[in-house]
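Asks: Here it is, the structure, as structure tokens.
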Amino acid sequence: MRKLVAGNWKMNGLVSSQAEIEALKGLTGSATCDIVVCPPFTLIDRAVERVKDSNLVIGAQDCHAQQSGAHTGDVSAEMLADIGARYVILGHSERRVSHGEDDEIVRAKAVAAHRGGLIAIVCVGETRHERDEGRAIEVVGEQLRESVPEGATSANLVIAYEPVWAIGTGLVPTNEQIEEVHAAIRQMLEERLGSDGNSVRILYGGSVKSSNAEAIFGLRNVDGALVGGASLKASEFAGIISAAV
Ligand SMILES: O=C[C@H](O)COP(=O)(O)O
């Protein structure tokens, strides 16, 4: 399966940061994977213009479940599609924790993403405590079952497995731990989507760097990465992308 490497800039980036996208274009012209950059809302419009005629596409980090209405401060999937975004990250643990987003909200947002024509990158992952209790697969399974909407297909859905304890910490699960969870996700996707579940890309996220990317991409059922901090610097992100063969 062709790999997908997505960069989540989180709440980072000013207009001047567009230079990183320009640099990334120059460094990834011969990449053999799909590449998505998800800057903050404020930069999406400009970023879409920048990546025209390149192999980069632009995504967003969230969307509202409704198409329009009295939702101060929110942005709909249709608005994102309207300015050229192609993907949207949903259910990131930073939103599940600090914005109280539960699986039902994530599912409603995924429905909205599909309605708006966006590809939803749905994030799942256990906390340290849940892993220590031996509940990682149970927790991820529950999130997956409840967050993935009817109508999901390999064309409009990507799953990102992000153990909460590995995000921004420099800690990475063992190869066995990653393979075990990704295999469980694959099985659940097959049960849910039939043979098409085999074609849904499952990304790993959490402290991915150019120095560990090759090993992670070599694991079974790892179809790419969702990269946070290391996506902010074009040269480092390009190093990850070049490992995704
Ligand atoms: O969305 C990306 C993840 O939260 C991973 O972040 P990180 O690469 O900084 O650990």
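Residue numbering: from 1, along the chain as shown.
Glycine too: its Cβ is placed from the backbone N, Cα and C atoms.
All annotation found in TrEMBL is predicted automatically rather than curated by experts.
Owing to the predicted nature of the structure, the values given are computational and were not obtained by experimental measurement.
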Asks: Write down the one residue from S30, S147, S195, S207 that TrEMBL lists together with N8, W9, K10, G168, G228, G229 as binding substrate.
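Replies: That substrate site, as TrEMBL gives it, pairs N8, W9, K10, G168, G228, G229 with S207.
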Asks: Can you tell me how far the Cα of K10 (substrate binding site) sits from the Cα of H92 (active site, electrophile), in Å?
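Replies: Cα of K10 (substrate binding site) to Cα of H92 (active site, electrophile) measures 10 Å after rounding.
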Asks: How many angstrom lie between the most widely spaced Cα atoms of the substrate binders N8, W9, K10, G168, S207, G228, G229?
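Replies: Comparing all Cα pairs, the maximum is 14 Å.
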Asks: To the nearest Å, how far is the Cα of H92 (active site, electrophile) from the Cα of W9 (substrate binding site)?
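Replies: With distance taken Cα to Cα, W9 (substrate binding site) is 12 Å from H92 (active site, electrophile).
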Asks: Could you check what DSSP calls N8 (substrate binding site) once collapsed to helix, strand or coil?
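Replies: Where N8 (substrate binding site) sits, the three-state DSSP reduction gives strand.
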